[in-house]
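Let me begin by presenting the structure, written as structure tokens, before commenting on it.
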């Protein structure tokens, strides 16, 4: 209600006051305070609703009209000026309140808006007033417009400014000082003097501008409130002086006088308010800055206190990664700069889209010895400073990792311990853990057993019995009564499975405690020992059976210790061993195993010594000599091993089988096998063995081995004259004389019949051997007196002496000595032949050939040539025989007769045979034209059959070359065929099953060939060339050849004639039905490169003359 009374009253009084300022009794008012009140009125009621504002505008209009009529205005003028006054107030208020919730006057911007609003409202009102007065009274336009605009604008500006300022003032008691009072009095006096002198005294000098100086001083020195008070007083003084016709604005033109006064008031208002508001703004900003500084200081102190009270280390980092602020904990940590560096390195590897930087993350500092948890965030949205908070979590991470490992270990143990039943309970015995092993053992699932008690699967009678022993009722306490945190209870119990069966278990119960030592539950770990209990019973039964078997065994048995300090000490033996040793079993105990050995055999104690070095799992089987109590030596077949039973010390056990009788029989058999039964000398087998050992020793010692081959001259006459019995007596006497004549360490042997040999290892030279041979010869020449008294005086002996060279074999040495002996016989008998240089050269050549064979194999000097085999009916080449040649770098191309005998006696023959086999298959695989399906014949040596693996060699050659097995023919001589063992025969059968054909070469030259033709898987017979050479010249050759051809036809075998060199031989063989032929008539052996141009169809219609003669 106050608004409805106070504001209209103030407007009415302002109107009356304005009308009172008319100059000279005219209509021109010097000021119009009603304009300011109207603006204040509308500003005041603006917060109300639209309806309320409309009511007040209506009141303003009505009041304006009434006051105009009452103050002497005509009704038309009063009505029009209603529009003028309302427009001024409305326009000014709209501009003042445009996009503003509050209207204040605190800074120059507020003054600018106020000036703009008042100017706009005054101008609008002035336009309306000018339009009316110009039209109705004919007043001048610009003077009327200026009068209204300046008067209303100046009054409204000053009035509204004063109202706004005083409304915004917070009244408080000012702080007064003596200097301030003096200054105020001086300034006030000066200002009064200037204004009185300017506006009251009529000095005729226009000095109004001087009033700006004190006004500006007041504006800059004092507050806006003081300035508004000054403007109010100064404006009133100017108006009063003007109305009193005093001062500088007294001009004849009343309207000009009004404009000057109003302009002066308006100028003072603008200047003073502008300067005063600027000064207030500056003072306010300074105060705000001081408040902000004080607040910042307080905030800084508060922030420091807060940061220092934080348990984390906090730092502020500038863009250059320098620490500009840190709390006490960060300073004490000593790693702030390292954290900054680690954070920068960590940020560099974080890609786009990764975890936000303000989330905690771990970084490693202090040489990777400490782990800190770091959180980073920008200081503000647009700041380049970064806040980092970190804490040392090294121990936490270690504890967390240890906790995870312990948890994982516990889970893994529960999961992996499928062989152990693990049951966890709370202190009251309710099951909380029931692992997979418990499920397997008992048959219940964990879900079924959680919450139940172990009593549900324990054998109740057993629980009751244990409870009675403890003197407590049956229940869970029976299992945990004696369990403490330091002591677990381990005992054996019986579980009852879900299916009702029983299981014997070993149960360990331990207590779980918390940090305070309080019990939080129990862990029961049970292991099924049902099988172990059964095994223990079975073991006890087995031990009893073992004791009975040990003590009553017919074979000697004893046990001995292996532990250090008592190794070899016999702890137990049976009666059979006592009988073997001729002792009581109790006498054997506490002996060492080596005490049982016999030194007479040379291997007794030493053999038993190896029992002391046996390891667990290492068997020992040997034949050893034992000494009986009576001093005799007995032999036993020993089988010993170390036994390591679980839970006890290992021991040795030894079985001894009495083999004394067998050893004696074997010794006799061995002596018979290696010695001549007539003379007692070494036989050929023992001699060859000792030659080989002597040669091996000579290779190591770089010495020489000598061999003397002896043969009695004319011994056949002894047998023919006196009979074989006396002949044997003579041989025995000769053997004794040879044995007496040789050196210690030499070996005398009977090679066969009347042939003897003496091995002299370590011979110095041939002369020494010759001396030994001469001594033997002289001893043999002495007359021989027989048992019946007769004397034979014509006995003599021929001898051949040979020495070894590097690479010499036993067979080669014996052969050389044999050859030299025969040369001695051919030279007149009863002499010693040590060989001539030419013979030695031939033998040296053979030795060198053996050594050169190594190089020949490595350098592919051994090559394969082929000779055609033709169909005698058509002359077509249907096969070819592979023949070995040696391209010797020094001696040129060697044929087999120049080196093959040497190779056969060497270790290289199996390798040479494999080389020929592969090379022949390879060449045959690449034959083309008429030879594309031709067979290839490959000779197999006896050494290959004896030493090598024939089936593997042939299979590998066929696989490597891809040759069809049906195109391969293996040839063996008739002599070797008679020596084929069963294993080689099995290989030949397997090869024939693959398609490989077998041929017997040189048929007719052996003595057992016909038997092997039936026994072996033979496909082809090859007639020896010596029979072919005698055709039509020797009836015996004709008969043998024709018989072999007929034999082949009868057995269904293919017959090949070798050595065909004449056409008449060819014709005769065709006539007899021989299918295939081979010889110089059809072609010589040629290399692979010459084969395609040399082999072709033989001329079957011509004279069939040979291509040439000569050896292959």
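The backbone N, Cα and C atoms fix where each Cβ goes, and this holds for glycine too.
As annotated in TrEMBL, transmembrane segment covers the listed stretch 258-278 rather than the other ranges in 6-26, 258-278.
Taking residue pairs at least 6 apart in sequence, the transmembrane segment (176-197) and the transmembrane segment (145-164) share fewer than three C-beta contacts under 8 angstroms. Same-chain neighbours of the transmembrane segment (176-197): 203, 207, 210-211, 213-215, 217-218, 221, 230, 234, 237, counting only residues six or more beyond its ends whose CB sits under 8 Å from a CB of the stretch. Two recorded stretches are said to be in contact when at least 3 C-beta pairs lie under 8 angstroms, sequence spacing 6 or more; the transmembrane segment (111-133) and the transmembrane segment (54-73) fall short of this definition. Broken down by DSSP into helix, strand and coil, the domain 'PAS' (406-462) contains 28 helix, 11 strand, 18 coil. At the 8 Å Cβ cutoff, the transmembrane segment (258-278) and the transmembrane segment (28-45) share at least 3 close pairs (sequence separation 6 or more) and count as touching. Confidence annotation: the domain 'PAC' (620-671) carries a mean pLDDT of 86 in the model.
For the transmembrane segment (28-45), the residues of the chain that approach it from at least six positions outside its boundaries are 3, 7, 10-11, 14-15, 17-22, 52-53, 56-57, 60, 64, 67, 85-86, 88-90, 92-93, 96-97, 103, 118, 121-122, 125, 147, 151-152, 154-156, 158-160, 163, 235, 239, 242-243, 254-255, 258, 261-262, 265, judged by C-beta separation under 8 angstroms. Per-class residue totals from DSSP over the domain 'PAC' (489-541), listed helix then strand then coil: 12 helix, 30 strand, 11 coil.
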